[in-house]
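Novice: Below, the features straight out of TrEMBL:
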- 82-260: domain 'Major facilitator superfamily (MFS) profile' (DOMAIN)
- 33-57: transmembrane segment (TRANSMEM)
- 83-108: transmembrane segment (TRANSMEM)
- 120-137: transmembrane segment (TRANSMEM)
- 149-166: transmembrane segment (TRANSMEM)
- 172-193: transmembrane segment (TRANSMEM)
- 205-225: transmembrane segment (TRANSMEM)
- 237-255: transmembrane segment (TRANSMEM)
Amino acid sequence: DEPDRPFAYSVIRVGGNLGFAIGPSIGGFISRYSYALTFFASFLLQIICVFLIVYLVSSKGESVNVNVKKEVSFGEVFKHKNFIVFIAGTFILSLLMGQLISTLSVYAKSKGLDNVQIGYLYSINGFMVVFFQMLIIKIVDSVGYKKGLILGSLLYSVGYFYFTFSRNFVNFAVGVVLLTLGEMLAMPLLTTITSAMAPEDKRGLYIGFLGFIEGLSWAVAPFIGGVLIDMFLKTPILIWGTVASFGLLSSLIFMKVKFN
């Protein structure tokens, strides 16, 4: 049911972030001894995942009586102008989200953090989602999807901009806490709002298009972050000010989206 979708999408995120919380710490520890062993351990975990999915996950589900077209294309999505405005904001916000992995780790390394400390930063991010995502969703239910998404975008911006002033692990940890609050607000709502805006018989198409846009922006984001670090490493405010501007711009775009 639609009222339960933010909760359902949040449960999926909690499961993924539990692994994300544990993985970086383990990876940081193993990398002290061997980078090759780090990747081999990742390979073994993927094999285990395949077996778990094959043998434990049921493919059966409840049947739904909807008229589904055999041939669909993303072109149909562009007829929904309000959704395209929302997608534009999502693309820009995802450019900000995509700085979490490569850009943040490279910058933190340049400030003297070692692999284990960087791993701890990602563990903070993951464990916060695991323990607080459900609480955040209750807050979203009280303020509404649109306000929750805008607030999440702004918190994302504040968190990334805080890295301008980060010089040690504690400073970086504060920035991660702030951006994770934004993540917990915004990320589940992107899928929830997409699902709500989509016609019932095209929900899969719309969510697929959302995934395509997010994947595209996550592919572009590391390039942008790399260019910013190469050009402005000695002027952090230009790096993180630019990144933070993505969140500000996306929040302005989301204000234009018509959504109840």
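Every residue, even glycine, has its Cβ placed from backbone N, Cα and C.
Map these features onto the structure and tell me what's around them.
Specialist: Long-range contacts of the transmembrane segment (33-57) within the same chain: residues 26-27, each at least 6 residues beyond the stretch ends and with a Cβ under 8 Å from a Cβ of the stretch.
Counting residues 6+ beyond its ends, the transmembrane segment (83-108) has Cβ neighbours under 8 Å at 77, 117-118, 121, 125, 153, 156-157, 160, 163, 166, 172, 179, 183, 186-187, 190, 193-194, 197-198, 206, 209-210, 213-214, 216-218, 220-222, 224-226, 228-229, 233, 236, 239, 243-244, 246-247, 249-251, 253-254, 256-257, 259 in the same chain.
Only residues 6 or more beyond the boundaries of the transmembrane segment (205-225), in the same chain, are considered here, and those with a CB under 8 A from a CB of the stretch are 72, 74, 76-77, 83, 87, 90-92, 94-99, 101-103, 106, 190-191, 194-195, 197-198, 239, 243.
With a threshold of 8 Å between CB atoms, the same-chain residues lying at least 6 positions outside the transmembrane segment (237-255) that come near it are 85-86, 88-90, 92-93, 95-96, 99, 103, 107, 146, 149-150, 153-154, 156-158, 160-164, 182, 225, 228-229, 231.
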Novice: Mind checking which residues reach the transmembrane segment (149-166)? Cβ under 8 Å, same chain, six or more beyond either end.
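Specialist: Same-chain contacts beyond the ends: 89, 93, 96-97, 99, 104, 107-108, 111, 143, 172, 174-187, 189-190, 193, 236-237, 239-241, 243-248, 250-251, 254-255.
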